[in-house]
Amino acid sequence: MTAITISDQEYRDFCRFLESQCGIVLGDSKQYLVRSRLSPLVTKFKLSSLSDLLRDVVTGRNRDLRVAAVDAMTTNETLWFRDSYPFTVLADKLLPEMAANKRPIKIWSAASSSGQEPYSMAMTILEVQQKRPGLLPSVSITATDISASMLDMCRAGIYDNLALGRGLSPERRRVFFEDAGDGRMKVKDNVKRLVNFRPQNLMESYSLLGKFDIIFCRNVLIYFSPDMKSKVLNQMAASLNPGGYLLLGASESLTGLTDKFEMVRCNPGIIYKLK
C-alpha cells in the first residue's frame, strides 16, 4: 500500500520549492492539499511513497516529475463570468472607452486556468459587437497560465455539464457553444478566434507578451507573498499601455503593494487605472 503521509520537514521543503518555482505560498496548514494533489502522481511515476515523490521533486532528480508536480499544484477550475461585475464593466465602460482611441484593443487574462475567464471575455466582446455594431476596432485576448495541462484544456474548449453549469446562462450556452458528444459542449470557433493561449510563469518576464490595454489578474495574488505580489503588479504596470486598466479579484487590493495605479470606483465594483 502506497504511503501518503509526509513529515513536517518534507512539507516545508516542498513549500520552499513551490514558492521558488511559481511564487505560490502554501502556508503552515495545507498538507492536505499537497496529499490530495500529488498522491495520484505516486502511482503514475511508480514511486513507493509520497515522501519519495517530494524528495525527487525537491532535488530535481526527475524533471518530468517536477513539471507534473507544479502542474498539479497550480491547476484550478473556475467559473464563467466570475463575480459578474468585471464583465459588466468591460462591456459598459472599458471597451467603449478603449474604442474611442481607434486602435486595436489588447486584453490579457493573466491566469486563464481552465479557460472560463478568457472565454467569458470573448463572449462579452461578441455581445458588445452585436449590440453596438461598428463600435469596436479589432479586439484580441492573450490568455496565459503556468499549467501545460490547463492550456491544452483551454485550447480544446470542451466542457462537461458540471463545468458549464458554473455561471453560464442557458442563453449563452445556446449562442456560444456547440455539441461535442458525450454530454459535453464545445466553445464555437468565433469565440475561440478571439483568444490566444500561451504559457507564462508570472515570476518571469512578461516582455515577450507585448503591451495591453486591459489586464485581468483575478484571484491570483492571494497565493503569493507580499514581495511577489509587488513584483507581479509592477511588471503588469509596465505591460499596460498609457491609460490602461487592471482588474483584480473581488477580495484583492493593491494597498501597500504598488503606487503605479489609481483606484476607479465603478457601479458595481472597483478597478485600477495606470497612473
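Using N, Cα and C of the backbone, Cβ positions are placed for all residues, glycine too.
Residues or ranges marked as domain 'CheR-type methyltransferase' in Swiss-Prot (evidence: sequence analysis): 1-275.
Cβ neighbours within 10 Å of D145 (S-adenosyl-L-methionine binding site), excluding its own Cβ and spanning all shown chains: 28. As annotated by Swiss-Prot, S-adenosyl-L-methionine binding site applies to N76, T78, R82, E117, D145, N201, L202, R218, N219.
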Point to revise | Other CB atoms within 10 A, centred on L202 (S-adenosyl-L-methionine binding site) | key: 23
Study note, to complete from the structure: Mapped onto three states, the DSSP assignment of D145 (S-adenosyl-L-methionine binding site) reads strand
Check your understanding: Minimum Cβ neighbour count within 10 Å among the binding-site residues N76, N219: which residue?
Key -> N76
